[in-house]
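*Asks:* Questions regarding the structure given below will be posed in turn.
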Amino acid sequence: MLSSVVLGVLLSLIILLTVGGNVLVCLAVCASRRLRCLTNCFIVSLAATDLLLGLLVLPFSALLQLSDDWPLGPVFCNFYISMDVMLCTASILTLLVISVDRYLAVTMPLRYASLVLPWRVAVAMASVWTVSLAVSFLPIQMGWNTVNGTVQNQGPGHPERKCHFELNRPYVLTDSLLTFYIPLLAMCWTYFRILLIARTQAKRIIRTRPTCIASYNCRNRSSTTTTSVPSVSAMTLREHKATVTLAALIGAFIVCWLPYFILFTVLGLKEHPDPSSVPEYSIVLWLGYTNSALNPILYGALNKDFRSAYTRLLRCRCPSYSDCGCRPSPKLPAAREEFTEMALLCEHVPSTCTAGQVNQTIRLQQNKQQESQSPIHK
């Protein structure tokens, strides 16, 4: 009895975190004009998908988990399972689209605005939902996922008040390859390339930075060391932060979904008649659901603009729109570093803030700093 109460509290917490977190993401984008950009369309789509999962799927999954009873009939059972497969697939594929978007932003920053256009974003989202529908409603409603070719949970021989997901080899191989294994390999490759590029950019910035501010200050070597070491340390810390962030993104995805799809593939190849009867199946399934609760944290809270929007919403403050457009250029040497971090961490980079403008701002700040430190101006 106590274990059932603890399990019920745990499942309820996962559902509340999934619904509340993804509602917060959607509200943050609606309330902050800084967050209304094409890149964040993918974030909102991911949040909407996970929100629907928390509202339309997780409560019924918790009902099955706690009572092992299905009082809603076979038709709604198949609809529930189809929604489960479709929304989980859409969530995973949206993560893949986000990784590709970040890859383009980091590898081609000057061409990014011309590549990621509204119609291409719409095509990407339409493709995600087309594939999700193709591997969920169509095969389940047509009986293509069962061993004998009949629609699951229906027929005279089916036990009453039972709802289970039947599997056969062709369906399991097709579904797992299209919705997990291939996206997983693509995400690992894109994030690995992003990390390599981030390291290369950081080393290039360190090499090209002057060892001292001006030539007439180079006589005092102690002052040169004082000005250069902090900037190198700041760049090292920022590179480490980007590395940890990207590792957290791909790591959470793998930890949450890899156990489920391994067991899903094994049971499908064996054509197990009722995977839900396997004790480990429920554990790995809810571990995969947990990824939808973590997404608002990983793709929202790690973003400075999202954190600010979260703070305003949770404090019930009206959003300030005075920060629209390009951010004021930060003090040297953080401008170029912040531009790199915005691209890596999916920060809002307005289309007017190109790399050339950032470099130009840095050069102007360098000149002003040199003039202010010149003996003539003292």
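We count from 1, first residue shown onward.
Cβ atoms are placed via backbone N, Cα and C, with glycine included.
Note: TrEMBL annotation is automatic and uncurated.
TrEMBL feature annotations, pasted as is:
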TRANSMEM  6-30  transmembrane segment
DOMAIN    21-299  domain 'G-protein coupled receptors family 1 profile'
TRANSMEM  42-67  transmembrane segment
TRANSMEM  79-100  transmembrane segment
TRANSMEM  121-140  transmembrane segment
TRANSMEM  178-198  transmembrane segment
TRANSMEM  244-263  transmembrane segment
TRANSMEM  283-302  transmembrane segment
*Asks:* Should anything in the same chain at least six residues away from the transmembrane segment (42-67) have a Cβ under 8 Å from its Cβ atoms, list it; otherwise answer none.
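*Replies:* Non-local partners: 4, 7-8, 11-12, 14-15, 18-19, 21-23, 25-26, 29, 80, 83-84, 87-88, 90-91, 94-95, 97-98, 101, 121, 124-125, 128, 163, 276, 282, 285-286, 289, 292-293, 295-296, 299-300, 346.
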*Asks:* Below 8 Å between Cβ atoms, which of the listed ranges 79-100, 121-140, 178-198, 244-263, 283-302 makes the most pairs with the transmembrane segment (6-30)?
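*Replies:* It is 283-302, which has the most Cβ pairs under 8 Å.
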*Asks:* Can you give me the average pLDDT across the domain 'G-protein coupled receptors family 1 profile' (21-299), rounded to a whole number?
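*Replies:* That region's mean pLDDT is 83.
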